[in-house]
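Copied from Swiss-Prot, the annotated features are:
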| type | residues | note |
| --- | --- | --- |
| BINDING | Gly5, Ala6, Gly7, His8, Val9, Gly10, Asp30, Asn92, Val115, Ser116, Asn117 | NAD(+) binding site |
| BINDING | Arg79, Arg85, Asn117, Arg148 | substrate binding site |
| ACT_SITE | His172 | active site, proton acceptor |
Amino acid sequence: MGIIGAGHVGSTVAFILATQGICQEIIIKDLNLDTARGIALDMGHAASATKTHTIVRVANEPSDLRGCDVVVFCAGSPRQPGMSRDDLLLANAKVIRTVLSEVKPYIQESVLVMVSNPLDAMVYTAIKESGLSPLQVLGMAGILDSARMASFIFEKLGYGSDQIVASVMGGHGDDMVPLPRYSNVAGVPITELLEPQEIEEIIHRTRNAGAEIVGYLKKGSAYFAPAKSTAIMVEAILKNSHQVFPCSVLLQGEYGYSDVVGGVPVKLGSRGVCEIIELELLHEERERFDQSIQSVKSLIDALYHHAFFVSSRP
């Protein structure tokens, strides 16, 4: 598998995959070759220490990514304090265009996992720029947001950390849609375990978790949880597990939307998206989901407004 961008998230994804022996070979591509070489060498030592025998090497040329089953795209500018994901829109869209123009001839058989923010708009951009089927391009967000929600549920309850299932849909931003009704502890809905005010606090912290971390770090943003969430996706794809995870994908009629990306439950396999699962949403849940998708649509519209894409919007 390949990793584009050897910053905090990309290198941590590589570390997790290498030390768990999830893949045979990891190829790291970064603008700074020396940085990539140093990380690859260090990572290879870590793999050896854990007896996984995963090979970690550097992509000296774009063609070195040929044959990768999965390519994780982490390149781009991170969020800084006071910066929203939306501020990153044009800058990171240009990064995606530049990098994919170099590597796309060699990744046509790969599944492309996007991590760069603003996530949903970057997934859309990658679909447009890569030439891949929309089923081969998906974004890592829902697993991360659900993990954050599960962590906050555990903070409130104080038990059942390994039995908590949290569900978050919609865009990866301030309008994401945590779903308490689909969140449970060993099958018991959290609506039966927590007071409404406690659930609202969990929803608020889930939506603002990324910004909260940025505020504490001052420089940079979260990377441990995003990297682990990405590694979970990669493992499911490589193992053709058909496990269901919330992922950001292009909607083509699902939930009544087309030509827009949103986070929804997806069955993952070796070719990417096997199936998009449509949940039944109550009226209030549906309204929040619609609002979230409209926020993503406004970002995509902004890219068209700035004439980023050659073609007009379908």
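Every residue gets a Cβ built from N, Cα and C, even glycine.
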Chain-internal residues near Asp30 (NAD(+) binding site), provided their CB is under 8 angstroms and they sit 6+ positions away: Ile4, Gly5, Ala6, Gly10, Ala36, Ile39, Val58, Ala75
Spatial neighbour of His172 (active site, proton acceptor) that is closest, considering only the binding-site residues Val115, Asn117, Arg148 and their CA atoms: Asn117
Distance, Arg148 (substrate binding site) to Gly7 (NAD(+) binding site) (CA atoms, angstrom): 22
Cα-to-Cα gap, Val115 (NAD(+) binding site) vs Arg148 (substrate binding site), nearest whole Å: 16
For NAD(+): widest Cα to Cα gap among Gly5, Ala6, Gly7, His8, Val9, Gly10, Asp30, Asn92, Val115, Ser116, Asn117 in Å: 17
Cβ neighbours of Val115 (NAD(+) binding site) where a neighbour is any other Cβ within 10 Å: 29
Arg148 (substrate binding site), number of other Cβ atoms within 10 Å: 26
Pairwise Cα distance for Arg148 (substrate binding site)/Val9 (NAD(+) binding site) [Å, integer]: 16
Secondary-structure category, per DSSP, in which His172 (active site, proton acceptor) falls: coil
For Gly5 (NAD(+) binding site), the number of other Cβ atoms found within 10 Å of its own Cβ: 23
Tertiary neighbours of Val9 (NAD(+) binding site) (same chain, Cβ under 8 Å, six or more apart): Cys74, Val115, Tyr223, Pro226, Ala227, Thr230
Asn117 (NAD(+) binding site): tally of other CB atoms within 10 A of its CB: 27
Most Cβ neighbours inside 10 Å, all chains, among the recorded positions Gly7, His172: His172
